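First up is the structure itself, then whatever we jot down about it.
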């Protein structure tokens, strides 16, 4: 990493990364230098600091000074909040922390299972939705049959004036009463009333068909959802395939690193190409100069100069 890193064991502050901190070299005064080394080589830290001799490359960050900076009054580092490399490691968690954490995880899993069971109970089963659909189908068929019979009756009345259309029965047992179109040909007003009655009957049958379709609509949607199972995602970066957000971020960072490396390589290749072109131009110029000198030598030789 560029910049200076603090030489205190366990302290990784860096001048390039931590811009707000100050970094100091070891003092040249022998007494101050001894105090700095004594405090930096604190109790419990041994090894490299037993024979540590600071050089011009060693730096000490301002975190280890009272007030966060070395001054005329604060000249010796005395604050070392970080553990040294060889200090005794103290357990960060109490003895029963692991057991309590396991119990908490088990409780969370049980709560999640209960929530899933409640959701499953609230959702309607496929068998009940199928049964409701089959119950609504006869009503739809009967309404459709009523409309068809009414239309047929109107056509028959137009073809044979004065005839009587017989009463029909739908498959569900509902009586569909056709319109009595028995009128006298000479009464135009009676014929107009019969046509109006036929139109009103047709509208009533159409309204019944639409009501049956509206009632059936949500059930058909449920059946349609069951008929198209989820096939899963087509790529490995989808969250539904079990990939976590951390893995996605890691993969994206890897892709960004690869792209950055490719950009660096491309810049290097462009520089190499530019350098080769310059070299080629120089070689061509040298070749022209040699050809010119050779031609002049040939001319001089011919003329005996």
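Placed from the backbone N, Cα and C atoms, the Cβ positions cover glycine too.
Note on Swiss-Prot: of 34-84, 85-135, the range annotated with the feature region 'Disordered' is 85-135. For the ranges 195-245, 246-296, the feature annotated in Swiss-Prot as coiled coil maps to 246-296. Per-class residue totals from DSSP over the zinc finger (1-80), listed helix then strand then coil: 20 helix, 8 strand, 52 coil.
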